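Notes for the one structure printed next.
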Amino acid sequence: MDELAVKLFDIQAVKFGSFTLKSGQVSPIYFDFRLIVSYPAILEKVAGLLWKKCSNNATVDLICGVPYTALPIATLISVTNRVPMLLRRKEAKEYGTKKLIEGDFRPGMNCIIVEDVVTTGTSVLETAIELRKLGIQVTHAIVLLDRRQGGKENLSKHGIELSSVFHVEEIMASLEKQSKVDHKVAEEVMNFIRGNRQPILNRNPRLHVSLEERRSSCKHPIASRLFDLMLAKKSNLCVAADLTSLDDVITLAESIGPKIVVLKIHVDILEDFSLTKIMQLKEVARAHEFLLMEDRKFADIANTVQQQFHGGVYRISEWADLITAHPLPGPEMITHMFGDSSSDSRRTCGCVLVLEMSTKNALTNEDYAKEAAKWGLIASDVVTGFVGQSAPQSDFPGWVQFTPGVNSSSVSGDSKGQQYCSPAKAVLERGADIIIVGRGLIKSPDVVATAETYRSEGWAALTQRITNP
Ligand SMILES: O=c1ccn([C@@H]2O[C@H](COP(=O)(O)O)[C@@H](O)[C@H]2O)c(=O)[nH]1
């Protein structure tokens with residue numbers, strides 16, 4: 001092991017300095033195991049050590065590497081030990097079979113996941129979710145290096161036992177013993193690892209608090225109403241009714257009304273908009289008890305947005321229960337668009353801030369979302385929640401996270417930049433309270449049955465997240 005640690009250091013697969021990790025943490029150590037493919041003897045050694053962990057732990061039908069670094073390692077294990085391998089794609093192709101898992105298997109077979117480095121365990125879990133969807137059992141994962149920052153615990157909560165060849169402590173001890181790093185560096189690394197041990201996937205307490213408790217922290221009546229509806233209807237489904245006819249939206253709303261808690265529209269794509277018809281939709285919302293969200297994504301100076309919200313042909317403030325707004329122009333826009341403190345719409349309509357977009361290459365990165373969330377706190381009397389693809393490290397339990405880009409099919413997105421994930425992933429891994437489903441439902445041949453499937457999957461995931469943190 002000492003020898004392997006030194007070899008990894010010598011080929012610069014272990015680096016010291018200041019590195020920003022996927023989680024946003026700045027780490028004094030970085031493992032770049034992609035380099036191993038260029039050193040066949042090291043690759044062979046690593047594959048051998050991983051296989052030892054494997055055969056110690058379970059009877060293996062199949063192995064599957066987490067893309068991409070672990071793929072050559074898994075291939076070598078497979079060939080050397082004659083154990084069949086499955087190939088996981090990161091994204092489904094938009095043509096052909098659209099499979100995320102390639103290879104030959106039977107449901108019920110067990111599969112060991114192979115990974116190079118585990119920090120929080122998210123990548124292993126993503127692979128396990130795809131395998132389990134096909135009926136393949138996943139109870140073990142093997143990894144070259146466990147950074148010991150919560151990955152083992154997170155995976156164990158999902159029924160996966162993680163075995164590792166190395167821990168960071170062992171690598172540091174080997175490198176210090178062989179004078180590759182001095183004591184000061186070794187101590188700095190170990191302090192970082194010890195100081196960041198809590199399971200990162202559980203950082204945000206909002207995710208595991210009961211809906212009843214969260215309702216009691218709400219500052220906005222529309223947020224309280226939404227929690228009431230979720231509890232009463234056992235639903236966290238919002239349907240994006242992106243149709244161009246308001247008559248068709250009304251027909252859709254009448255059929256799926258009992259399954260949903262929010263119906264989201266884009267008023268400016270409707271070809272037959274009239275105030276009379278939108279009031280009919282409002283009546284359906286009242287009868288079936290769901291909220292009406294106008295996804296206008298306001299983003300201008302307060303003076304303009306105020307007129308867009310209250311005036312024009314749409315008179316959004318007269319019928320919308322929820323509206324979306326980009327935080328980009330700053331908190332003044334959010335507070336002033338509703339009018340002065342006596343304006344009714346401050347209490348009858350809740351503002352949902354778009355902190356992160358679901359699209360590829362969106363500029364709404366982690367820093368933007370973090371800063372933007374502060375506007376929400378400043379304008380807390382009108383803000384009911386946010387649109388996002390991840391749970392901020394900390395937010396307010398009375399806010400609701402809406403996550404769009406949810407689609408149960410294996411398609412990873414559309415051809416125009418939209419990106420999709422499943423209801424379970426949106427809720428369990430990304431922190432969604434409300435899942436927003438558009439084409440995955442409105443294009444289906446049986447919208448009522450599809451609404452029920454999304455309702456039950458979304459609700460099951462939310463219940464699981466709250467009861468099994
Ligand atoms: O980041 C965002 C913000 C909003 N949306 C909206 O959600 C739906 C998604 O529709 P799909 O058919 O499920 O792709 C749509 O109304 C968007 O305007 C989003 O997708 N991403």
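Placed from the backbone N, Cα and C atoms, the Cβ positions cover glycine too.
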Next on the checklist: Just to be sure I read the record right: ASP242, LYS264, SER358, GLY438, ARG439 are listed as binding substrate in TrEMBL. Which of GLN280, GLN418 is listed for the same site?
Outcome noted: GLN418
Checklist entry - Closest of the active-site residues to GLY438 (substrate binding site), Cα to Cα, picking from ASP295, LYS297, ASP300? => result ASP295
Checklist outcome for this item: Integer Å value for the Cα distance linking ASP295 (active site, for OMPdecase activity) with LYS264 (substrate binding site) is 6
Checklist entry - Which whole-number value in Å describes the distance between the Cα atoms of LYS264 (substrate binding site) and LYS297 (active site, for OMPdecase activity)? => result 12
Checklist outcome for this item: Rounded Cα distance in angstrom between SER358 (substrate binding site) and LYS297 (active site, for OMPdecase activity) is 14
Checklist entry - Which residues of the same chain, at least 6 positions away in sequence, have a Cβ lying under 8 Å from the Cβ of ASP242 (substrate binding site)? => result ILE265, HIS266, ILE269, GLY438, ARG439, ILE442
